[in-house]
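Peer 1: What TrEMBL shows for this protein is this:
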COMPBIAS  780-789  compositional bias 'Basic and acidic residues'
COMPBIAS  790-812  compositional bias 'Polar residues'
COMPBIAS  837-848  compositional bias 'Low complexity'
DOMAIN    466-744  domain 'G-protein coupled receptors family 3 profile'
SIGNAL    1-19  signal peptide
TRANSMEM  457-483  transmembrane segment
TRANSMEM  495-515  transmembrane segment
TRANSMEM  535-554  transmembrane segment
TRANSMEM  575-598  transmembrane segment
TRANSMEM  636-657  transmembrane segment
TRANSMEM  677-696  transmembrane segment
TRANSMEM  702-722  transmembrane segment
Amino acid sequence: MILGIVLIWTIFLLRTDNATQLHIGGIFSDSRKGGWQGGQACMPAAKLALDDVNNQTDLLPGFKLTLHSNDSECEPGLGASVMYNLLYNKPQKLMLLAGCSTVCTTVAEAAKMWNLIVLCYGASSPALSDRSRFPTLFRTHPSATVHNPTRIKLMEKFGWSKIAILQQAEEVFISTVEDFENRCKEAGIEIVTRQSFLSDPTDAVRNLRRQDARIIVGLFYVVAARRVLCEMYKQQLYGRAYVWFFIGWYEDNWYEGNLENENISCTKEQMKLAAEGHLTTEALMWNQNNRKTISGMTSEDFRKRLNEALIAEGYDISHKRYPEGYQEAPLAYDAVWSVALAFNKTMERLKWRKKSLKDFTYTDKDIADEIYAAMNSTQFLGVSGRVAFSSQGDRIALTQVEQMIDGQYVKLGYYDTQVDNLTWLKHGTMGRRKAVITTKVPQDRTIVRRVLRTVSLPLFVCMSTISSCGILVALALIVFNIWNRHRRVIQSSHPVCNTIMLFGVITCLVSVILLGIDGRFVGPDVYPQVCQARAWLLAAGFTLAYGAMFSKVWRVHRFTTKTKTDPKQKKVEPWKLYTMVSGLLSVDLVIMLTWQLYDPLQRRLETFPLEDPTSTNDDVKIRPELEHCESENNSIWLGVIYGFKGLILVFGLFLAYETRSIKVKQINDSRYVGMSIYNVVVLCLITAPVAMVIASQQDASFAFVALAVIFCCFLSMLLIFVPKVIEVIRHPKDKAESKYNPDAGISKEDEERYQKLQSENDDLQKLIAQQKEEKIRILRQRLSERDSTKGQTQDSDTQGSAPTTAAITQGKDTLVVIQPDPTTSSDFDSAIGGGFSTQTRSSRASQSDMDFSESY
């Protein structure tokens, strides 16, 4: 037995030493400078594959596969330099292996000039599927576009229709996103924003937050992924409200490594917190069953061997500190096997043409075509799964979905693109932070709940109750006013005007109730009708209530003015009061009809900034809305209404001020009406501008306007009717009521007698004035005649007694009379005797008038 083993080993050594070497070039990226550093794990896997291939006696008989490699640092320029060094330095290479997409793109585009086949083990760029651009390219790494159908399937499964994209500005990700956008458009998925960055993702991640992105597809290399994750933590774009899709070929602990070397400002705990719950989609890179592969190993056997090799190179695999490229290591292993199988098949074909692989040169297109055909038809079961290539040279593979839970990736399901089949595992439902994933599916956007701001129900009930009480009081006062209309205290205050005022008060109080009716009680279709009713009732109620008081004050002012110019104008005509109220109401009717017909009030919603809910933990925002009654030209109509009402208010204020100290018995409550007008004007001037300022605060606005209307109504009823009610209660039989109402208390007969005496007194005063003027004229004439006849006898005049003066006083007029000497006194007495007798009669009449006035 031992002899047999030694013999076989000796034959193998002799075969190896004497075998013709087939040289292939390898371009790996294992430095720690940036980009994809998958060569750290892929290079050891490729070496294991070389050993296994060269140990196969029935594979490449007489030949030994040799790999010449160098580091490209995942930089396309350096990758091109490495390729040129491999090509122009002996020995001649039969094929090239390349790693990351950027390098593979450069190498594959140039390799066709040397008739070289390029096999990429770590390139996922969709651009590499372009056969016209890369005619000699194959890859064991599936195209990045293989993830897109899986992502679309997941979004359809969970009902996400609004997503965002964050990508690194590399060709592999740009072309992936272009394919993804086309698929999203076909599936009806909206991409709200697409952010890209070169190296610093700070601004791009911040923009995602501004756009309220919730479902985010991230496409970037692992170095950039760590920067993105740290910025996610800073911007609070993680947790149950966000779903991130990352590329699945990162190592399991990718978010914890190289933080200091890459100047990541977040701690491991912060990075782990931000990474919790993200999803990954990746092509299956490890065989999912325990079947033996072409190498005679299962995928678990390969994992053990790879771990041993990595431990030998100094990696801490025992603590799950895997090097970058660990997930792609099976692809590199199977890539070497693909090369060996393709060369083996090519050798068999070349035998019939009496050629050999060692005859290949960079100008030999025939052998290159044979290698291409053999590679294109290669199929086998490798440690990464079934290896086969499409007509574009792409790897055909399943994709798997994983989610990070408690720092570990948990498989959720698999998706087969060929048959459009999503195999979802039993525990695979979206959730967070538990080993068994919950059924709560994150939302693809902030769910905005429109909440209508309505008047507080207790406030509405309170104001409605007060208004209802006011309406009942007004109705009671109307009954009181009609029942006691024969009483002088009521009759002299014009009860019809008071009734009109009370109807206006009732209308205004009803409008207060309508002001509190909003979307809580009526629908959007009925609300415009409520708006119209508010406007009509408030305008009509104001005109009726204020117009009745205004007409009284106006008549008082006119009455006192006309008394001076026309003493006969003593009576107030009631129809003039009613006409004025009707005129004001007609103006309101014209304005409101024009407004309603040409530009009716409509329901307009005012929206407010989003608010956080107070009673739920769901990802919901509240969008408050407030109903307003507005028309297209609302400001113009309000200006017309306010202008008309304001003019009446100011004019009423002026009349009330002018008649503040005037009392007339024809309108016995003019003082109280004036006081009511003062209060109404002041409250209206305050309420109108304040209500416009606080219109966005429904409770404050309603309370302010309602209280102003209620206060005006109650105060007006209090001032005008309380004295009358007290008077009627104190004097139920219509006796003297002057104590409570000094302008009332006499009967109708006394009033007529007083009017008759007043008229007689006026006639007597006129007669006295006429007689006085006549006597003065006569006296002046006689005095002038006397002076002319006695001008020549001056001495006799001086010897006579000096004339004396006498003052005759009549009312407010004083007549100065020069008393003649005694010889002429009799003539003087006879001249003025009639005047004195007249004055005496006038004085008696005035005295009688004064006595009657006092009794009145």
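Glycine is treated like the rest: Cβ placed from N, Cα and C.
In the displayed structure, how are the listed features positioned relative to their neighbours?
Peer 2: Residues 463-464, 467-468, 470-471, 474-475, 477-478, 481-482, 485, 530, 533-534, 537-538, 540-549, 551-552, 574, 577-578, 581, 702, 705-706, 709-710, 712-713, 716-717, 720-721 of the same chain lie 6+ residues outside the transmembrane segment (495-515) yet bring a C-beta within less than 8 angstroms of a C-beta in it.
Sequence-remote contacts of a segment are chain residues at least 6 beyond its ends whose Cβ falls under 8 Å from one of its Cβ atoms, and for the transmembrane segment (575-598) they are 494, 496-497, 500, 532, 535-536, 539-540, 543-544, 547-548, 550-552, 554-555, 631, 637, 640-641, 644, 648.
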Peer 1: For the transmembrane segment (636-657), what are the same-chain contacts with Cβ under 8 Å, counting residues 6+ beyond its ends?
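Peer 2: Answer is 539, 542, 546-547, 549-550, 553-554, 556-557, 584, 587-588, 591, 595, 599, 673-675, 677-678, 680-681, 684-685, 688.
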Peer 1: Same chain, outside the transmembrane segment (702-722) by at least 6, Cβ under 8 Å from its Cβ: which residues?
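Peer 2: For the transmembrane segment (702-722), the list is 455, 459-460, 463, 466-467, 470, 473-474, 477, 480-481, 493, 498, 501-502, 505, 508-509, 511-512, 515-516, 538, 545, 549, 669, 672-673, 675-676, 679-680, 683-684, 686-687, 690-691, 694.
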Peer 1: By Cβ distance under 8 Å, which residues at least 6 away from the ends of the transmembrane segment (677-696) in the same chain are close to it?
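Peer 2: Here the qualifying positions are 546, 549-550, 553, 606, 608, 626, 628, 642, 645, 649-650, 652-653, 655-656, 704-705, 708, 711-712, 715-716.
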